[in-house]
C-alpha cells in the first residue's frame, strides 16, 4: 500500500494571485480573489510527491456558519475530476518532486465572503487524510463575463471599482459644486468591516444559512447593504439627522471620507455613527459595494422629488407673502438628493433591464418592511415601468414627478399652477477617469416636454392605478389617489405658468447681481415683464427663508413689498438687498436661501409666483504639494485657508485625509481665526501607495462647518 501524502506547507501565492485578481490594493499578504477566475496555490509534501494514479486530492470550500452543498455554501471538487461535477474547478499546473501547484476557480455565481479551504487526500486505498489549508476571501468579479456584475469596459472598471476617491455633487441646479470624497475601499481592515456589515444584517441574524447562500446574487447583496448603511432597522452604520442639532455627533457636512465612518462603526461594536445625510449614506455605500466588487457610482439629482403618497405629484404650499410652508403631506422637493447606481444583470426582470440600478440608502420609505430602496432599473425608470422590482415607483417620482403649487389663505387652498419639468434636473456623477461632471439625466428620462417623456409619465400613472386596484402598492405608501392629470390630454405637454402660456401677460423672475458669497450681502433684482398692450399695476410680496437641503423650510427672516406699475410691453427691475447681518443667524448648515415673490394685479384675482434658491459659497482650501511624491519618502503638504466672515470665528479644526497618503485622518486644532484672516498649515506624511491619489480637506468652526479643498497627487513607486 502506498504511503499517504502528508501536507507540510501551503503557499496561497497571495501577492501574485491578488495582482491578477485586482485586489493587491487591499492586501498582498492575504488571499483575496474574485469568482469565475482561476488562482494558484502550491502544496508542499513532507514524504513524497503527488502520484496521479495513486492519489486523489479532493478540495472543499466552505462559507458561512452552516456550510451546505445543496445551498451552494460548500463545494467539493476533485483534482482528478472524480466525485462528480462541481461548479468549482481544480486543475494541475505543476507537479514537482515534493510539491504540487494547483489552479482553483470558484463558480462565477458563488456566494461572496470569507471561505475556508480544506483538502482530503484519498490514496484510493486506506484511510482519508484531511487538512485545513487556510482562509481566503471571495469577491464579485466585474472582469468575468459569466459574473452578473460583469462590465465590459476597462476604463469603467477602473473608475467604478478601483478608484478610491471621487466627487459628490452638491449645491443647486444653478450652482453645482463638487465635494471631494475619500471612498478608501482598499484601506486597512475595510474589507473585513464590509464582511462584518453583511453578518450584522437582520437577514443573517434571522437565518444565517440562507443569507450566506444568497450572497452570490448582487441584487440580494445590494439590498442587504442598502439597509445596513442606515440604522433605522438594525445596527447599521449611520444615524440620519436633518434637525440641525448635531451636538452629540458630527455634522454631516464635515465628513470628507468613508473610512473614518466605517472604522468608528466597527470599533464601537457596530454602534451607529452620528450623523449622516443623503450624500454620506451614498458615499459609504459606494465604498462597501466597490470593496465587494460591484461597480458603483454616486449620483446626485437636483430638485429631487420625495412623493410620500405614491401619486407622482409633489404638492408645495405658499402663503400670501410667497413664503413656502411646511408640507402637511410631507411631500418635498430636495434641493439635491444623492443615491448610488450599481451595475448588475437583472435576471429577475424582463430582458433589457439590467445595467445600472438605483440604490438609495437614505432612510425615506420602507421596502418589504426595511428602510432601503432598490435596486431599481434605470431603464425601467426612464420607460415608466414602475411595476418592476424594486421600488421603481419611488425612484421614478424622484426624477419625474410633477409639482403642483398651492396658495393657502384664510384656511382655503387655491391651485396656482402645475409644473411638469421642475423635478429631476442635471442628474450628475463623476466622469470616467476625469474630474469633470458627467450629466446622466437622459438615462433617467426623455427630454422634458417631449411626447416620449409625457408618455412615460402617463404609463407610470396607469400602472400605479392598476396596482392600486390590486392592492399592491409599495409597503409604507398611502393609497393611490387619481389626480386630474390622469385624465389630461397627453398632447398637452406642460403648464409652465399660472395661466395658459398663450395668455400670460405678466411674469416675474429673480436675477442675482454677482456671486452670493458667504459673509457678504446678497444683491438681486426682481424682473417684472408686461407683454400685454395694457397698463398693469402689481403688488408683489417678497420673502426670504432658509431651507434644509431636503426642502424643509425654516422661518422667514426677510420680507418686502413692491408696488410696480408697468406700461404695455415694459420690463422693470426692483432691486433688493439682504444684508449678511440679517441672514447670518438664520442660515442652516446647507447654506440655502429661498427667495420668493407672490404678485397680483389689481384687476385680476390670479396670482403670479416666482422663486429662486440661492446657495452661498465659501472660498476653497488651497492645497500645495511641496516636492515630488514618492512611496516611502517624506512629503510636505501645505494648506492655505481663510475666514471668509467679517467676524471672528472660534473652535476651528482642519481635517485632512487621503487614501495611500495618510494612515488615518489628520486633525489640526486651529483655534481662533480673526475676520478675513488667512492662515497656512504644513503637514508631513509618508505616502505608502503609488499611483493617482487625492488629498481631501475640511475646515470647520463655530460659524461654518464645511469649507472644503482637494488636490490630486500622483505618487511614484520609486526604487
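Easy rule for this one: first residue shown is 1, then count along the chain.
Keep in mind that glycine also has a Cβ here, set from the backbone N, Cα and C atoms.
Copied over from TrEMBL, here are the features:
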type	residues	note
ACT_SITE	278	active site
ACT_SITE	337	active site
ACT_SITE	360	active site
BINDING	400, 402, 448, 453	Ca(2+) binding site
DOMAIN	270-363	domain 'Transglutaminase-like'
REGION	468-498	region 'Disordered'
Euclidean distance between Cα atoms of residue 337 (active site) and residue 360 (active site), Å: 10
Neighbouring C-beta atoms (10 Å sphere around the C-beta of residue 402 (Ca(2+) binding site)): 24
Near-site residues: Ca(2+), ref 400, 402, 448, 453, CB cutoff 8 A to centroid: 420, 421, 423, 424, 445, 454, 456, 457
Around the Cβ of residue 278 (active site), the count of other Cβ atoms that are within 10 Å: 27
For residue 400 (Ca(2+) binding site), nearby residues of its own chain (Cβ under 8 Å, 6 or more apart in sequence): 305, 312, 381, 423, 424, 444, 445, 453, 456, 457, 460
Candidate with sparsest Cβ neighbourhood (10 Å radius) among 360, 453, the listed recorded positions: 453
Rounded inter-Cα distance in Å - residue 278 (active site), residue 337 (active site): 6
Predicted model, mean pLDDT over the domain 'Transglutaminase-like' (270-363): 94
Cβ neighbour count within 10 Å of residue 337 (active site): 28
Length of the line joining the Cα atoms of residue 337 (active site) and residue 448 (Ca(2+) binding site), in Å: 20
Cβ packing number for residue 448 (Ca(2+) binding site), 10 Å threshold: 17
